[in-house]
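Asker: Taken from TrEMBL, the feature 4-amino-2-methyl-5-(diphosphooxymethyl)pyrimidine binding site covers Q40, L41, R42, E43, K44, N72, S111, K140. The Mg(2+) binding site annotation in TrEMBL covers D73, D92. Residues or ranges marked as domain 'Thiamine phosphate synthase/TenI' in TrEMBL: 10-190. Per TrEMBL, the feature domain 'Pyridoxamine kinase/Phosphomethylpyrimidine kinase' maps to 227-470.
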Amino acid sequence: MNCRPEDMLVYAVTDRAWLKGESLKDQVEKALKGGVTFVQLREKNLDRRLFLEEAATIKELCDSFHVPFVINDDVEIALASGADGVHVGQKDMDVKEARRRLGPGKIIGVSCKTVEQAKAAEAGGADYLGVGAMYPTDTKSDTSQVTVETLKAICRAVDIPVVAIGGIRADRIQPLKGTGADGVAVVSAIFGQPDIEAAARRLKETAEMYLGRHRRRKTVLTIAGSDSSGGAGIQADLKTMLANGVYGMSAITALTAQNTTGVSGIFPVTPEFLAMQIDSVFSDIRPDAVKIGMVSSGELIRVIAERLSYYKAENIVVDPVMISTSGSRLLDEDAVGALKELLLPMAAVATPNIPEAEVLSGICIRSSEDMVRAAEIISREYGCAVLCKGGHRLNDANDLLYRDGGFCWFMGRRIDNPNTHGTGCTLSSAIASGLARGYSLEQAVERAKEYLSGALEAMLDLGSGSGPMDHGFQIP
Ligand SMILES: Nc1ncnc2c1ncn2[C@@H]1O[C@H](COP(=O)(O)OP(=O)(O)OP(=O)(O)O)[C@@H](O)[C@H]1O
Ligand SMILES: Cc1ncc(CO)c(N)n1
Ligand SMILES: [Mg+2]
């Protein structure tokens, strides 16, 4: 599925009729600042050259806000502008033909009024449905109304996200509560308002109030050590998960007596007790993703691998913690083999720092090229994606993701902050949070780096050593 329920929450459809002298770009930017989660460019009579120009402009803007962008009806403009997809009506191009032309990676939305139309659209490959008109609307005069009961029946009948559309305003959202709709698509309730940004924000708050509750909060389990100073380990993980919009849970592998200057003691739990913690969580609240941090011994690693395999855990992020920022060994040397053979093959992604990547790959890393080679060796050897983190480099904070034979760089501006305790724990937990919420690995890494940079830029300065970050920083 290329789009997620949360993308539908506030779906803005443009309408040139509301421009009133400002550009469409300015209007859409205000809507994006107000928090709209999806944008559709709808043009019915615009010259095609201008249509394409407008589409390319809005696409660039939406990309900068990480908001999906589709074109109404016109597949060719969608392809030419690089839009994320199209939205087609019942009288427009058939969804299967649209899929044939757009390919698997694009979003296709389909307008529906009945359960039969909805099921046919889903079967044809639609990624979401637009259902309406829920109320009388000026935007589309030739459309009949859909009842709340029909909307509810459609939401029950399909698994793909559903957005309600047609004459919707903030004061008309409450009747949609409990239908299962994932959000509302609006035109004049945003673009026809004097303060577009404020209108978008009010719609989002109202939609979250009445429609957000049925979308289950995503959950993430961290299996890691406790850092008494709160800057790394499960403490950093849980703070990071909260800040990244998921519900965090923890199974503790070891207690560490630790602060910003070092680790003065490690008290591992027994394998039996670690298994009990994992079982307690999975038997009651299934995690949508799992982050594995500090695991000090091979026997604890074996228990984790066995339990996660039993539960068929998904979206596993393995942070191969070996040495703390303060230089203390956190993984027994004889456990490296178990980590490689048992945990890496289960991982959606492993996130070694440079020293850890050297241990796992067996090569020295002195350059960007070495980072690529090391990540490739680990990825090919253990079958997982590998994000080789660049925090230990001097001039930048670029991280290298290697997966399926290809690689890409995530550029990071070097932040002049000596307090980097827990950066690795924080990044891997933020990645797990993104995977739990349905982002792709690349999107999850990008959002995680954005979060981490903000938490570093907050310049928290605690302790006499390399201090923790400000996890309370919220990304937009
Ligand atoms: N000074 C910095 N400025 C910007 N980003 C940084 C900085 N230091 C680290 N990072 C980023 O933080 C993330 C973690 O990288 P790092 O190499 O610090 O991991 P780590 O050594 O495993 O951390 P930890 O010591 O917490 O285990 C990476 O995305 C890296 O690019
Ligand atoms: C408990 C714990 N896990 C991970 C790290 C890595 O920084 C740390 N310092 N402490
Ligand atoms: Mg680390």
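Numbering starts at 1 and runs along the chain as it is shown here.
Glycine residues also receive a Cβ, built from the backbone N, Cα and C atoms like all the rest.
Curation does not apply to TrEMBL; its annotations are automatic.
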Asker: With a 10 Å radius around each C-beta, find which of these binding-site residues (E43, D73, D92) has the fewest other C-beta atoms nearby.
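Answerer: Selected from the binding-site residues E43, D73, D92 on minimum Cβ neighbours within 10 Å: D92.
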Asker: Would you mind ranking the binding-site residues R42, K44 by how many other Cβ atoms sit within 10 Å of each Cβ and giving me the lowest?
Answerer: K44
Asker: Tell me, roughly as an integer, the mean pLDDT over the domain 'Thiamine phosphate synthase/TenI' (10-190).
Answerer: 92
Asker: Through the lens of DSSP with three states only, how would you label D73 (Mg(2+) binding site)?
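Answerer: For D73 (Mg(2+) binding site) - judged by DSSP and reduced to three states - the answer is coil.
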Asker: Just counting, how many other CB atoms are there within 10 A of the CB of S111 (4-amino-2-methyl-5-(diphosphooxymethyl)pyrimidine binding site)?
Answerer: 26
